[in-house]
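What TrEMBL records for this protein:
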- 1-20: signal peptide (SIGNAL)
- CYS64-CYS76: disulfide bond (DISULFID)
- CYS71-CYS89: disulfide bond (DISULFID)
- CYS83-CYS98: disulfide bond (DISULFID)
- CYS146-CYS158: disulfide bond (DISULFID)
- CYS153-CYS171: disulfide bond (DISULFID)
- CYS239-CYS251: disulfide bond (DISULFID)
- CYS246-CYS264: disulfide bond (DISULFID)
- 344-429: domain 'G-protein coupled receptors family 2 profile 1' (DOMAIN)
- 352-423: domain 'Sushi' (DOMAIN)
- 436-690: domain 'Peptidase S1' (DOMAIN)
Amino acid sequence: MFKLVLLFVSILQFFQINSASIVNFSSFICVDGTKINLTDICNGKVDCPDSSDELKKLCHHIVCPQSSYRCNYGACIEKSRRCDGFENCIDGSDEFHCDVSNTCSDREYQCFQSLECIPISSICNGYSDCADKSDENIILCKDFPCPTNTYQCTYGGCIRHETICDGTNDCLDGSDEKNTTCAAINCQGDECQAYTCNTDEFSCQSGGQCIPISRVCDGTYQCRDGSDEEMEICSSRECSQGFFRCDYGGCIPQLLVCNLEANCHDWSDENETICGVALPDGACRLPPAKPGTHYQVYQCSHCHPGEIVAELTRLDFSCDANNTLEGNDHVFCQNNLWVPYLPSCYSISQVITCPPLNAPAARKRCEVLWGSRQGWIPCNESMPVGTHVTLECPEFYERKTGATHTTCLHDGTWSQLPLHCQPICGIRTTSAAALIVRGWEISRDEALPWHTTLFSHQDGNWKFFCGGTLIGERTVLTAGHCVWKTDPNTIRVIFAGFTSNYTIDEQDKTIQIRNVDKIELQNTYQDHEGNYGSDIAILILNDSVIINSNVRPACLSNWPASPDISFRTDEMGLVAGMGITENDTFSQRLRVTTVKIIPGEECRNSQKSDFRKYLTYSTFCAGWKNGTAVCNGDSGGGLVLQRYNSSVWDLYGVVSISQRRLGMPICDPNYYTVFTKISIYNTWIDRILSNLTIVGPPDINQLPNSDFAV
């Protein structure tokens, strides 16, 4: 109710209603003067005679609880009423796309406009994880409970205490860098004498920071150097009744023990023996970080201390430079235990550092802001406590996950997950897309930069045989029948090529040529014996391509950004290839044609009866019946559609098969072409892509000190 009262006040201001006319805060005054209950606004039903209680300009302020579904205009209805066959939102949006699930889980938050699902832990954390920034607005975050080791921004978001006054706005509103907050922290030398701690405050060892005595040894770090939670200070302390003693000596409320969160910084409050909760069979909990000792979870870059991982999970340990590892560098989870024992790094000086950042494709700039070694340092080595790293994505790349800045904390860990970049997908250099029905030879300015041409080694020469689509730095999507029972060593892939002549393309300085390391056929593909079902394959290249204006990936069609192909019938898509032309000869140059997406029933009725077996849930039809078609030699190429109200192109299909002419091994252009539907295989594609590291431009790791000019 408190939230609704705040909302009501803002509504009064919005509609410019005289507050003197309001009887009480439990009512809402419609624009025509009618009074309704405040609880009846933005509930999916019209209660005001003039419908002013369900307007988007009012309802977009509403924050729906997790048990509700948010209508497109902002109203909240019961989640169970989503896709129940009745329009419970006045705009009917609860019945849109009911064949695709867009409901976030109980542990996720749904962004207002983009409808993305993000982890609950990502809201009000100082960083916009939603594209529309709805996870960091004042309505959502103002009364958000911040953990004890965090600083609350003015708008309500929570950031790590160690990142206050580090020169970078960690709060979305910049309130962590205000001079009134930072004067004592950023002082140096004699300046700091003016900022002595009071008798009821604790002076952090690094100087320039005072915290309340009550926050010392409370389980979480308040000093950014961590000195308020060191064993030397906390081990002699006694915990009051009703408090739990952490292994290192800190005290936390007993009710926080075994709540699946690390309230003791060493995780001792979540010990399975204490909690009496057995781990899943064979599983283990990832150990806490140790000073100077670092580990990575094999094939799981996003895993973090405290998470439960499956049996046989491997940890790879490493030390800072000049340190010695005592124990095995590989440790495995077996029968709920780490085998052999967890190692530690030994150093005479016991200097704590953070490992080099794993930030795929990101450019980094590293500066030590406090401690004895202040100044710019290389980013490719272990970094001392107090190092602040600024990251950005290079040209042709964009943020995928992570923060644009992070700080090395006193325990050898980074304050935030670092920025991960990914290639910007689906962008062409031209905005023009001529909607014509016959194919045309294209210039470089009209190219589809994701289209690739595949060449096979035959009789000592490289010969064109199929097309493909770039979907990642090292991945090309093509048809399964193009590479069925093919040795990857006999294939080369050309990017930004325009001819079927390998020798001519090879001399073009703008093109890129890559060998194929591995072929990933969709595991249900059985060629003609399986009616060409699941006719899709991924080529994994030996080396990453260089992403630029001529070579860049297509976007994969994913709801809600890209509706299912069934919602886009009669729309126009683009396909590139060098197949048979209207003259029944193979094209020597790359051509592009516009094809129309055909409804499933129309396609089935137009095909010969013996061909209909190839039309399944995993295919769709596109093309014309006027002599223009995607034909032999175009196989494996991608069909793209332009995203609504956007310049982005999404990949929807792969050229698969078409009707043949009677008695001839070439296609009949008077029938529609069958395409493999990409969306059916998104999970399979994502699994392969997630196992490949994003590299970025080739010069990123060659710069000595930082990746931007200082």
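Every residue gets a Cβ built from N, Cα and C, even glycine.
CYS158 (disulfide bond) sits 8 Å from CYS171 (disulfide bond), taking the Cα positions as reference. Annotation for CYS71 (disulfide bond): spatial neighbours GLY44, CYS59, ILE77, CYS89, ILE90, ASP91, SER93, ASP94, criterion Cβ-Cβ under 8 Å with sequence separation of six or more. Taking a C-beta cut-off of under 8 angstroms and a sequence separation of 6 or more, CYS153 (disulfide bond) has the following same-chain neighbours: GLY126, CYS141, ILE159, CYS171, LEU172, ASP173, SER175, ASP176. Ranked by Cα separation from CYS76 (disulfide bond), the disulfide-bonded residues CYS83, CYS246, CYS251, CYS264 are led by CYS83. In this structure the C-alpha atoms belonging to CYS264 (disulfide bond) and CYS239 (disulfide bond) are separated by 13 Å. Here the disulfide-bonded residues are CYS158, CYS264, and the one whose Cβ sees the fewest other Cβ atoms within 10 Å is CYS158. It is 18 Å from the Cα atom of CYS64 (disulfide bond) to that of CYS83 (disulfide bond). Annotation for CYS246 (disulfide bond): spatial neighbours GLY219, CYS234, ILE252, CYS264, HIS265, ASP266, SER268, ASP269, criterion Cβ-Cβ under 8 Å with sequence separation of six or more. Between the C-alpha atoms of CYS251 (disulfide bond) and CYS83 (disulfide bond), the distance comes to 49 Å. For the pair CYS239 (disulfide bond) and CYS83 (disulfide bond), the Cα-Cα distance reads 53 Å.
In the structure shown, the C-beta of CYS171 has more C-beta neighbours within 10 angstroms than that of any other entry among the disulfide-bonded residues CYS76, CYS171.
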